[in-house]
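TrEMBL has this to say about the protein:
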type    : residues                                                       : note
DOMAIN  : 238-524                                                        : domain 'UvrD-like helicase ATP-binding'
BINDING : GLY259, GLY260, PRO261, GLY262, THR263, GLY264, LYS265, THR266 : ATP binding site
Amino acid sequence: MSAGATLRTLVSAEKEIMKLSRTDKGAVYEFQHKFRQNPNNPGLHLKQLKGDLKLWSARVSADIRAIMLHIADHEYLLIDVKSRQAVYDDLDRYSYKVNRITGGIEVIDLEPVGDSIIGRLLPPEAEPLFATITDAQLLELGVAEPLLAHVRSVTNDEELLALLELAPQLTTDVLLALYDGKSYDQVRAQVTDPVRAEDQVDPDDLLAALTRPATQVTSADEALQAMLGESFDRWQIFLHPTQRRLVERPTTGATQVGGGPGTGKTIVALHRVAHLAAMLKPGTDKPILLTTFSRNLAADLRTRLIALGGQELLARVDIVNIDKLANQVVTEYKAGYGNQVVDDNQAVDHWRTFLAEIGEKKWEAEFLNAEWVHVILGQVLNSRNDYFTARRPARGRPIVREERDEIWRLTERFTAWLDKQRVWTWRQIAAEAARLEMERAKRIEAGADPTVRHRYRHVVVDEAQDLSAAHWKMLRAMVAVGSDDMFLVGDTHQRIYDNHVTLSNLGIDIRGRSARLTLSYRTTREILAVALEMMTGEVYDDLDGGEDGLAGYRSLLRGGRPVFQGAGTWAQEMAMIAAQLRVWGNPVDGSVAICVPTRDLVAEVTAKLQDDGVQVIEIGPDGPNGGEGVHVGTMHRFKGLEYQRMIIAGVGDGLVPRQMINQYRDVEPKRYQRERQRDRSLLFVAATRARDELAVFWHGTPSPFLTHRLVRQQAA
Ligand SMILES: Nc1ncnc2c1ncn2[C@@H]1O[C@H](COP(=O)(O)OP(=O)(O)OP(=O)(O)O)[C@@H](O)[C@H]1O
């Protein structure tokens, strides 16, 4: 019996496969299966194509041929599928080369490029788009060599787009960045360097090139099956080289991946989980924790992980949102502990009642609650002495030792009082869980009880920007420090809960192991530009005491210009919302959403639209509440969601940012800054949920986060 073969599919071939009819797609699947078993099966008609040693064709069906690169002995790469006739037309059309910068294989079908660009005489007045950059620089940035002449001849947007249709990923990325006005140095640093090969590139060694992250291929049968099926999502199969590198790289310790909205951080986290799971010894336990901030996001991770690896993968992974995890820990130790858990923002009301009951007037409930939440619970302080020496970053006015003493005593009385009411908060649970897990970790380190082990071998965290210090302490204690222990993805520009941490102070050392994704797969360039403009002037942290930015954040998708429009009154603004929905055809398939700053506005928009006969679905804590309709929710609810078209309404002064934060402006300027930044992030999150179209409305004075330029667009 003849030996089997390895057949991988190149990302560009997938585009052609997707264009085929269902029957033909099925034939491709059959073909791949047979080919892998025995490439010399006579039914496959495997043959070398004339004039090129490496190009081979094989029979997929009566009319369709597969075109493959023969890389080495039993190693083939599917680069295209074509009608039988077209295969023999012109083999010179295929250029395949190892890119000298990324080390990945790039296959280009030059024929369509030629149709649209070469052979056309440049009119004398047309200035080439890339006139100021040299050939050497283009090559140094990673532009595919066979396309160099074509790049030179591009004179307008249309020609550029036609070229990019067929260009390899890095060429597309580099040219768009240059077209956006980025300098050679910026493109090199932001686009090229992140995908540069780590080893020496030998352009003749196709075999080495095949395994580099820059060669976007799939080889798994299931992946192919998914691709041919109805519910295929591209992310399940093809990762961007920067994404793949992060997924597969072994790490010596905690690793953090940042990057703007829609850059695939969650996708990377999911693939990382699958990658770690593939390396586990067989078993029935769940040594991998995949966690995130909220309940609906955890549910979403679960759905996507099943899409990626099925029940088999799910069986090895614990997926749970962070507060539920903390609660599980606490209940495990305190079985039957029946306190009711209340929302953290209700705690301040409890403080008020408590202070009134004990006749305490010196301290304000708001201040004590913030001190309790952010300093005492936030840092898991266990004693008065700990509190005396605790740092109080971003807490506004300093307090002296006697005051700390008073506050400590008051919080002790308060927690006892809460306990009597049979109530506690999520923050308390997180602090308690952290304390319990840290004690457990100490017991493990001391080797006191060999039956006690760390709960997990790997911890993967999505939305890392929203976790509190107590959450991090708990997670740190759940996994032994070492290789591949923690993998965190998040974006501080999207922090919408008031949790600020410095990971190195919490035993999580990410120095030298942080990376950033910059290519958005979700939003158009036009939406991205306005979202970035809303962030103007704000400084964000990197979760570890430094600063993070959005430099290099970009998209390859294009769309219409976002709409900015103000109204005189809220009633008029609601009429604008209804009118915009009509323009979009009032779709009820879940592709359109309206986002407003407050719950009251959600209720009012819902009532107005329902009066107009429009079906509406509210987005609750677990996501949209089922059924058909236009989705409506507050900005907080939009984290992790995606819509084709979105309206963000109520973006006026006093609503975005919230009026109430002005009380802190003079008395607690740091807090004021934090709260303002949080509101800005909420707007940023909302704007970056839109994939194709975005409309931003307000009544009265527009939000100060909308720059003059954006507001002026309404007149344009
Ligand atoms: N390699 C890829 N190929 C195709 N689509 C991708 C790829 N990576 C990400 N996407 C798509 O981009 C969108 C955003 O991905 P994802 O949710 O992982 O981004 P994110 O960085 O976590 O976003 P956010 O910060 O806004 O939560 C999704 O629709 C996802 O399917």
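Placed from the backbone N, Cα and C atoms, the Cβ positions cover glycine too.
With a CB cut-off of under 6 A applied against ligand 1, the binding-site residues GLY260, PRO261, GLY262 are reduced to PRO261, GLY262. Just so you know, the Cβ of GLY259 (ATP binding site) picks up 26 other Cβ atoms within 10 Å once every protein chain is counted. The ATP site is defined by GLY259, GLY260, PRO261, GLY262, THR263, GLY264, LYS265, THR266, and by the 8 Å test on Cβ atoms against their centroid, the other residues of the chain that qualify are ASP491, LEU517, SER520, TYR521, ARG522. Looking at THR263, THR266, the binding-site residues in this record, the fewest other C-beta atoms within 10 angstroms of the C-beta turn up around THR266. Here the binding-site residues are GLY260, PRO261, GLY262, GLY264, and the one with the most other Cβ atoms within 10 Å of its Cβ is GLY260.
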